[in-house]
Amino acid sequence: MSIWEYANPVKFMRTSGAILPWVVAGAAACTVTGLVWGFLTPEDYKQGATVKIIFLHVPAALMAINIWLMMLVTSLIWLIRRHHVSALAAKAAAPVGAVMTLIALITGAIWGQPMWGTWWEWDPRLTSFLILFLFYLGYMALWEAVENPDSAADLTGVLCLVGSVFALLSRYAVNFWNQGLHQGASLSMAPGERMAAVYRYPLYLTMAGFFLLFLALLLIRTRTEIRRRRLAALLARENRA
């Protein structure tokens, strides 16, 4: 069985419909359990209760970057192989990615204010995340502005290529520049820098929950986009008749 079989809308609708309830259940279980567990953890000796924002901020930030990279992959599949489901999946993922980026920006400001004494700083990672959020908005606006769906998919695919620079910059900005207020990677594996287990395990669970939540929303929104495309085709056929 080839993976490209799932680019067929009929095959995708059947398979996604079968797994969607399980994905939703897993997303709810992991997210709720991880967040409750996380917010019951003890306060950090340096950051106090504000450290608990990590259970929202880190999963949202990781998903914001990875969703854009997923959109890049599906857009490349569209540009190379012209599979419509991949283009619709990229379109469906964009609003979810925009919300994740916004959550990361807001929670980052709330988390950083007590530590930095300011709600915003033109730190490399913060700035690249803001630019990534603007790319998400531009991507969605471009889909709405171009009437022909195939042309819209082509143009947004090119935009994905450009925006991927900022997605990667958001991920590795702390490594590129030593200056800046933002701390290093929260899940660093370097000796002496690993997060305490009391925070690490609920964070892993919340990250899994956010991934499953994205997957559930992606399947739901892609299925909706396929139905819209089918309805538009039927209406166009009736108008020609």
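Along the chain as shown, the residues are counted starting at 1.
Backbone N, Cα and C define each Cβ position, glycine as well.
Residues or ranges marked as transmembrane segment by Swiss-Prot: 19-39 (among others).
The transmembrane segment annotation in Swiss-Prot covers 53-73 (among others), and the record cites sequence analysis as its basis.
The transmembrane segment annotation in Swiss-Prot covers 92-112 (among others).
Listed as Cβ neighbours of the transmembrane segment (126-146) (distance under 8 Å, sequence separation of 6 or more from its ends, same chain) are residues 61, 64-65, 68, 71, 91, 94-95, 97-98, 101-102, 104-105, 108, 120, 152, 155-156, 159-160, 162-163, 166-167, 169-170, 173, 182. The transmembrane segment feature in Swiss-Prot is assigned to 126-146 (among others).
Feature annotation from Swiss-Prot assigns transmembrane segment to 157-177 (among others).
The transmembrane segment feature in Swiss-Prot is assigned to 200-220 (among others); the stated evidence is sequence analysis.
Counted as Cβ pairs under 8 Å, contacts with the transmembrane segment (53-73) are highest for 92-112 among 19-39, 92-112, 200-220.
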